[in-house]
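Chemist: Annotation source TrEMBL lists transmembrane segment at A:12-39, A:85-104, A:116-137, A:185-205, A:212-231, A:237-258, A:270-287.
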Amino acid sequence: MQIYLPIAEVSVNAFLLLGLGGLVGILSGMFGVGGGFLMTPLLFFIGIPPAVAVATEANQIVASSFSGVLAHLKRKTVDLRMGTVLLVGGLIGAALGVVLFNYLKSQGQVDLLVKLCYVVFLGIIGALMFVESLNAIRRSKRTGSAPKRRKHNWVHSLPFKMKFRVSGLYISIIPPVLVGICVGVLAAIMGVGGGFIMVPAMIYLLGMPTKVVVGTSLFQIIFVTGFTTLLHATTNYTVDMALAVLLLVGGVVGAQIGTRIGTRLKAEQLRILLAIMVLAVCGKLAFDLLVQPAELYSIGETGHS
Amino acid sequence: MIRFVFAILFFALPATAQDVVAGLSQKRVAITASFDGSEILIFGAVKREAPIDDDQVEVIITVAGPSEPVTVRRKSRRLGIWINTSAVEVDAAPSFYSIATTGPLNEILTHTSDFRHKISIPSAIRSVGAPQSISDASRFTDALIRIRKANSLYQLNESTVEIADQTLFQTNIALPANLVEGSYETRIFLTRNGKVISTYTTAIDVQKVGLERWIYNLAHERPLIYGFLSLFIAISAGWLASAAFRAFRG
């Protein structure tokens, strides 16, 4: 069944979209990741204009993180204070990101920017995950030592300190604000929640306890991607409601299935699978940038729309 | 030039006194949520006062979407990757352009007539100037035509107009799924010996309707409300889907 998307102005198969949503949903349920970083490139591949893909994906992330945040709030595993500090940074970052996005759009370079960001980040994350899970498999065979974590680093010697009771931290607000800005920029440019950057940064850089990390990052992600959605909607008119709903319905159902599959599989193997997939998507995008395209010319819009 | 045009008018039109009348199977195309392209039947007749003479009458039918300025960009290799490096702005290019004829276009239409009526695809595109730095601006317009032809947005269908007894003609124009809204000017030309002897112009109205229309308008006229609404709808859809799934599971 073909469906005409009102904002993207293309006609695509509705079942393909539901299927994509479901597939990415299963993966995100299995691996506990947001899925934005897989969904957005997949949308490029099926011919959705990158600007629409990025803006719509931001919209979808808000919705798919919403029930997660509610669950975490109920369990009181959200550091609201830290979340707010991250959020302030995130809003600044998202605004900067949209300004950069619109500038490059007018220069005809936005596709390149989005794709380059994806190649770089997917490459790094995929490689790190791959190595880490290989090590984990080796470790589980030898039953060796647990990973060490530095307790004190340069983060603790900065000014403007603040007490974060839920996380049990007394640190400067500069690093969380900076982390927030980075995530905000990524959310605006790449159409991702940024959990894959924020979670490691919270654990290793800020030293937050693992149990509040996911809830706090989801709390920040909801507001930042919500803000990004509004910015894209008001400046670019690129949020496609119909596309978002189709992806979401597939995604939510997929996530429920994925969570059940995930509990039955071994974590290390799962992560290797995810790493390989991330690297494959990265490789495809990089390949397209490196190889001479069949058509050197492209048609861009001019002026208002 | 003007004198030349007058000369054509004077000699071509009144002497023959042939007129074209035409109709369309539909004058409105509604883009609904399930829009997947459409086909329009265009039919008509040549109206004569004198009996049929020896020279063949030919029919050319064009359907043109709204014209808009477009930017055509070209990639070249920089630091190993392919980047958009040069751009040419084309002043006006129809978003859709389809030509159907009774015979090969270059045989039934002279260059002068084409130039005057802007019938062939290249002459339907208006490109005034390219930046100084670009010497091969024509390649950009060629690329525009090539890309849009590949997407069925520009079509040249020669010999697809059936004409019976030099009088009745008909053809089908296929509108693809990736249409934009607007008034699609439909022109029918009658030619003889390469010269246009009569024209008929009408329009097909292509519009999003219903939900598509509403979403599009809201997004462009009330973007902030639209943004909040998208968030709200997405959140409730997500919540509903998960609630439904849980209920379904037990």
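Heads up, residue numbers simply count up from 1 along the chain you see.
A Cβ is built for glycine as well, from the same backbone N, Cα and C atoms used for every other residue.
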Chemist: Taking contact to mean 3 or more CB pairs closer than 8 A (sequence separation of 6 or more), are the transmembrane segment (A:116-137) and the transmembrane segment (A:270-287) in contact?
Modeler: yes
Chemist: Can you see whether the transmembrane segment (A:270-287) and the transmembrane segment (A:12-39) are touching - at least 3 CB pairs under 8 angstroms, only pairs 6 or more apart in sequence?
Modeler: yes
Chemist: Cβ under 8 Å to the transmembrane segment (A:85-104), counting only same-chain residues 6 or more beyond its ends: which ones?
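Modeler: Sequence-distant neighbours of the transmembrane segment (A:85-104): 51, 54, 110, 112-113, 162, 173, 176-189, 198, 216-217, 219-220, 223-224, 227-228, 231-232, 235-236.
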Chemist: May I ask which of the stretches A:12-39, A:185-205, A:237-258 has the most CB pairs under 8 A with the transmembrane segment (A:212-231)?
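Modeler: Most Cβ pairs under 8 Å with the transmembrane segment (A:212-231) come from A:185-205.
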Chemist: Going along the chain, which residues at least six beyond the ends of the transmembrane segment (A:237-258) come within the CB cut-off of under 8 Å?
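Modeler: Distant Cβ neighbours of the transmembrane segment (A:237-258) are 3, 5-8, 14, 17-31, 35, 39, 48-49, 51-52, 54-60, 63-64, 229, 305.
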